[in-house]
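Report on the following structure.
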Amino acid sequence: MKILIIGTGYVGATTAMVFAEIGWQVTGLDIDAGKIERLRQGRLHFYEPGLEELISKHVQSGRLRFTTDKETAIAGHDVIFLCVGTPSRPDGSADLSYIQQAAEDIGRSMNGYKLVVTKSTVPVGTQEQIKSWMKAAQRQPSHFDVASNPEFLREGKAVEDALRPDRIVIGTDSTRATEQLQTLYRSFTCPWIVTKPRTAELIKYASNSFLATKISYMNELARLCDKLEVNVKEVAEGMGLDPRIGSSFLQAGLGYGGSCFPKDVSELIMTSRKHEANLHILDQVVEVNHTQFAYLLDKARSRLGGFAHKSIAILGLAFKPDTDDIREAPALRMIDQLLLEQANVRLFDPVAPLPVRPSYGVVTVCSSAEEALRSAEAIILCTEWPEFGQLDWEGAKALLAEPNFFDGRNMMDAGRMRGFGYYYQGIGNDH
Ligand code: UDX
């Protein structure tokens with residue numbers, strides 16, 4: 001079986017690498033000639049630890065190829081994975097135009113049986129839609145199957161997650177498709193779920209929304225912890241020892257960002273409304289997430305007596321460490337509000353660049369954390385990059401105009417920071 005991956009973004013590039021790594025012949029297809037040119041040289045267009053090395057290895061071994069030639073690529077491959085983007089529309093629903101385009105391209109260019117597999121996160125019912133888009137575009141009738149095989153990898157851990165998944169979910173109504181996918185993934189030993197396409201599609205949304213719910217629950221609980229003078233980290237530790245709860249995704253902080261959680265929670269809310277079975281709980285998950293940055297900012301504002309003309313060091317911009325992704329990053333909300341209140345913002349992130357926007361012209365982008373701290377009246381830590389933990393905080397105090405530290409990720413040890421003479425506050429761990 002020769003595998004074609006349509007879309008060489010985050011999920012597409014990782015999926016291509018995985019199949020090449022386990023021995024298959026893979027082609028990556030994209031309409032962006034620039035991306036394809038870089039990939040042909042074994043270079044990635046985004047930051048992901050370890051991925052570029054493996055892509056480059058398989059470009060050299062000849063197992064991984066890249067092209068912009070749709071028609072030839074579709075005609076020459078038996079199994080086609082859809083890994084194109086499904087961005088949010090302004091109303092929160094998923095925009096399926098790239099999926100539709102790919103389905104129509106396949107329908108038009110197919111010359112025999114094809115198995116089309118959706119890796120992109122798509123709303124429940126999309127498998128049926130893909131079938132009808134393909135059918136409508138066909139020039140001559142030809143048999144095909146469409147399966148759903150959602151991807152659960154995390155940014156920053158893509159290689160590890162994709163090579164060692166904790167489950168493989170396959171949604172299909174065809175035995176032939178199931179058998180082909182079982183062959184493709186035969187070297188994986190993790191649990192499998194073979195189910196209806198709609199179930200597979202919903203598993204992805206339900207998983208991400210559940211994880212987002214865990215985070216918002218802890219974030220709201222952290223606000224209560226502040227009032228009760230209880231440390232939320234200790235509460236999380238005690239909760240996490242119960243295997244029914246699990247210890248992951250219990251870290252309170254500035255809230256979740258990234259390309260998946262915000263988008264997937266919105267889409268599931270839309271789906272639930274459409275079917276008049278509202279998931280009200282998710283409205284509150286979103287509300288807590290949107291207000292969490294303001295919760296920490298309020299603490300800083302009352303300490304400083306307002307932000308106007310105060311110098312504030314922002315440490316971290318990426319929505320989480322080990323990525324340059326700033327989509328829906330809480331740090332951006334923080335910066336926007338600080339600028340609105342006329343603060344002087346000094347920013348440092350080891351990897352993520354500040355987007356070009358007229359309002360960001362006044363932000364001082366620094367090349368080290370120490371530089372960002374210089375003469376600052378407060379530090380607001382937004383991303384828990386490991387290097388921030390290793391900084392000589394005792395020595396760094398001398399760089400600051402005022403030693404105020406607001407820890408948006410509860411990264412530091414409160415007692416230690418206070419011992420160094422900082423006024424230190426986190427989220428639910430101020431005691
Ligand atoms: C997520 C899912 O984990 C993954 O399975 C899916 O395929 C895509 O969406 P990702 O967006 O890469 O992955 O990031 P993840 O590591 O899950 O973190 C998401 C956000 O939640 C980050 O902003 C992170 O800082 C935040 N988070 C995570 C918390 O605030 N607290 C936690 O305890 C865990």
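Placed from the backbone N, Cα and C atoms, the Cβ positions cover glycine too.
CYS260 (active site, nucleophile) falls outside any helix or strand according to DSSP and counts as coil. According to TrEMBL, the active site, nucleophile annotation covers CYS260.
Taken from TrEMBL, the feature NAD(+) binding site covers ASP30, LYS35, THR86, THR121, GLU155, LYS263, ARG327. Around ARG327 (NAD(+) binding site), a 10 Å sphere centred on its CB holds 16 further CB atoms from the protein chains shown. Secondary structure at ARG327 (NAD(+) binding site), taken from DSSP and collapsed to helix, strand or coil, is coil.
Look at TrEMBL and you will find PHE152, LEU153, ARG154, GLU155, LYS204, PHE249, LEU250, GLN251, ALA252, GLY253, GLY257, LYS320 tagged as substrate binding site. Other Cβ atoms within 10 Å of the Cβ of ALA252 (substrate binding site), summed over all protein chains shown, number 27.
Taken together, the residues of the domain 'UDP-glucose/GDP-mannose dehydrogenase C-terminal' (313-414) have an average pLDDT of 97. Under the heading domain 'UDP-glucose/GDP-mannose dehydrogenase C-terminal', TrEMBL lists 313-414.
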| Cα within 10 Å of ARG327 (NAD(+) binding site): which of the binding-site residues PHE152, ARG154, LYS204, LEU250, ALA252, GLY257 qualify? | GLY257
| query | By DSSP, what is the split of the domain 'UDP-glucose/GDP-mannose dehydrogenase C-terminal' (313-414) into helix, strand and coil residues? | reply | 34 helix, 18 strand, 50 coil
| said: According to DSSP, collapsed to three classes, what secondary structure does LYS204 (substrate binding site) have? | reply: helix
| Using DSSP, would you call LYS35 (NAD(+) binding site) helix, strand or coil? | helix
